[in-house]
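Visitor: Handing you this structure, nothing more for now.
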Amino acid sequence: MKTLWMVLCALARLWPGALAGCAEAGRCCPGRDPACFARGWRLDRVYGTCFCDQACRLTGDCCFDYDRACPARPCFVGEWSPWSGCAGQCQPTTRVRRRSVRQEPLNGGAPCPPLEERAGCLEYSSSQSQDCGHSFVPAFITSSVFNKKRIIQAVSPQWSTHTKDAGYCMEFKTESLTPHCALVNSPLTRWMQYLREGYTVCVDCQPPAMNSVSLRCSGDGLDSDGNQTLRWQAIGNPRCQGTWKKVRRVEQCSCPDVHRFIFI
């Protein structure tokens, strides 16, 4: 078969236009396009009508020079934009970041990755710079990683210098949770998969989630006797929620990182 192919190629040199293909026709088309064809040798070594569209790989009727004339080019995207502010004030909502396409995929190249990401957030200052957002029940929690990105004075200017380091940790024993916590798989919500029934978790109460007057976090359960069932909800996935009971208050959280969260 290889010898026959070499003979055909040699004969083609004596037959003008026999090796016409995508390059000579100047064609490279997306998807399936019956009008995107040329006359020449196909990759399956049949001479006749051959195609220069993206679907020819599946149908096996590409022109012999398709790979060279129409190389696959993957999608290229730019860098992520900075995170936006919260979409609303004084209530659980979302923030967003986006990136743009620098080059669309061509000729079956790798598709574009997600161009938008959302994450939960809660602002504690209204448009009139009034302290707010502390009256929510149940307790709203998120990953402790988010705590590193909170800027105290920008969110709540009422905090004085000597109270910036105020805070405490609440330990809870998880009683129940919805199955939706284990179904999320984005980088920003993966922490929810570590919530488990019967586990003890730690939740930090830090500014700005801490009320600047009461020095408490909403939903901290500090006043419960330990037998009261309290409710919590994960920021970023409202269907991830459940119940827990207070274990104790401590000054510093000592749980493993995957079982350490913050009030928000």
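The backbone N, Cα and C atoms fix where each Cβ goes, glycine too.
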Visitor: Which candidate, Cys52, Cys62, does Swiss-Prot give as the disulfide partner of Cys56?
Guide: Cys62
Visitor: Cβ distance under 8 Å to Cys56 (disulfide bond), same chain, sequence separation 6 or more: which residues?
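Guide: Residues satisfying the criterion: Cys50, Cys62, Cys63, Tyr66.
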Visitor: In whole Å, how far does the CA atom of Asn227 (N-linked glycosylation site) lie from that of Cys28 (disulfide bond)?
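Guide: On Cα coordinates alone, these residues lie 70 Å apart.
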Visitor: Could you count the residues of the domain 'TSP type-1' (74-125) that DSSP puts in helix, in strand and in coil?
Guide: 0 helix, 19 strand, 33 coil
